[in-house]
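Swiss-Prot has this to say about the protein:
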type	residues	note
BINDING	Gly92, Gly94, Arg95, Lys114, Asp126, Gly127, Arg177, Arg184, Asp271	ATP binding site
ACT_SITE	Asp261	active site, proton acceptor
BINDING	Asn262, Asp271	Mg(2+) binding site
Amino acid sequence: MKWLRLQDLPTDNSFAALPAEFYTRLQPRPPAAPRLLHANAEAAALIGLDPAEFSTQAFLDVFSGHAPLPGGDTLAAVYSGHQFGVWAGQLGDGRAHLLGEVRGPAGGWELQLKGAGMTPYSRMGDGRAVLRSSVREYLASEAMHGLGIPTTRSLALVVSDDPVMRETVETAAVVTRMAPSFVRFGSFEHWSARRQPEQLRVLADYVIDRFYPECRVAGAGRLDGEHGEILGLLAAVTRRTALLMADWQAVGFCHGVMNTDNMSILGLTLDYGPYGFMDTFQLGHICNHSDSEGRYAWNRQPSVGLWNLYRLASSLHTLAPDPEALRAVLDGYEAVFTQAFHGRMAGKLGLPQFLPEDETLLDDLLQLMHQQGADFTLAFRRLGEAVRGQRQPFEDLFIDRAAAGAWYDRLAARHASDGRAAQARAAAMDEVNPLYVLRNHLAEQAIRAAARGDAGEIDILLKLLRNPYKQQPGYDAYAGLAPDWAAGLEVSCSS
């Protein structure tokens, strides 16, 4: 790979080429005296940026918001959306600044600062992000990528001593996020709600041409009928969203704020706020302290994904005024999700395929884990040990070890029906059952270290989370049960 200096990155600011109504051009108002806490060489490689640039003043200036991206076009985008099921009207990038788009070896990547100051869309916000939430977002995107789940990426984390008032006084930070696009469901809702079909068409054409060109081609992504391109777009987004929900469920991930303005049109995990990877398994686990009704609980995420797709379809109705055709596309969501989820869970259980009778086997395990407070990640990981003949670590996760053992006997009988060798089965299970996930207490340890100016915990976590399925000697503490003090940790929308 040919490494490039920051000033030599090739830019292609495609979103900025849209009509002016889609955004506001502006300059960030970043925190004072910024310091680079961490930069991500893996993300830099996506745009061909030489990691040697991390130590330059130019890198700090650009990714703190004190200087523009060379060749970029800084702006904040407008969008609308439903928040907690209620129409919230116009929203937009209230503390995010799109610096520009870079053409890298892996395609185009938009670079966006989060926390670099107010925009016309800040509403009652101050445009700031705090250290706590910025460390969590920086780590989460890389953790999800390591798990193989579609996500935005993190490039840089800059900190400042500027005070920021939240529930308490915290300090400011700026995180640089990367994605092929930050267009959301709410981007389409905005123009639909404003009854501006011309802008809606411009946005749809932009998304199709840039990311779903197959929707222009009959027999590829374009569906039959007069509005085949728009229906094809909805079908593609529906499929990606269903697959994303299956990914989340399979690793015990809760997003926490599945508002339509946080739903990526590309099926990426977007906007890491009060997210969480489950420790003790609960079917109705709520990771967001602000979600008092449990709208975005773990077991509701797939249905919320579909609800959000209905809002997207409603916004596309002007371009494809055929309710039955739109509904027919959305009717395909459940089958895609179920097949994908069952496929992922079959792998986690060591099954070559998911048969109808396996539904009961899986449901009984989840109910047992729920009733007995078993750890989600370790319960599945230790199934591989049980297959190797070491059942006790799995059974020890349950209060009623006999009940866990009885369930495992049923799984072992199911395994016997396909005749696969135990070692090969266990190895395959380890490849889909992570050992390391970004538990809240691990993120908290990294936050506390970062507050002292120490990025060492971030380094350790990135090392582990980039290879979450492979045991790495010397890091047992990062793969164990959450400590008792972790039960008191709460995350909310306050960041």
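The count begins at 1 with the first shown residue.
A Cβ is built for glycine as well, from the same backbone N, Cα and C atoms used for every other residue.
Positions of Swiss-Prot features highlighted on the structure.
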residue: Gly92; record: ATP binding site; Cβ neighbours (10 Å): 22
residue: Arg95; record: ATP binding site; Cβ neighbours (10 Å): 22
residue: Asp126; record: ATP binding site; Cβ neighbours (10 Å): 16
residue: Arg177; record: ATP binding site; Cβ neighbours (10 Å): 26
residue: Asp261; record: active site, proton acceptor; Cβ neighbours (10 Å): 22
residue: Asn262; record: Mg(2+) binding site; Cβ neighbours (10 Å): 21
residue: Asp271; record: ATP binding site; Cβ neighbours (10 Å): 22
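With respect to Asp261 (active site, proton acceptor), the closest of these binding-site residues in Cα terms is Arg95, chosen from Arg95, Asp126, Arg177. Classification of the residue listed as 'active site, proton acceptor' by DSSP places it within a helix. Counting in whole angstrom, Asn262 (Mg(2+) binding site) lies 11 from Gly92 (ATP binding site) by their C-alpha atoms.
Classification of Asp126 (ATP binding site) by DSSP places it in coil, neither helical nor stranded. Secondary structure at Arg177 (ATP binding site), taken from DSSP and collapsed to helix, strand or coil, is strand.
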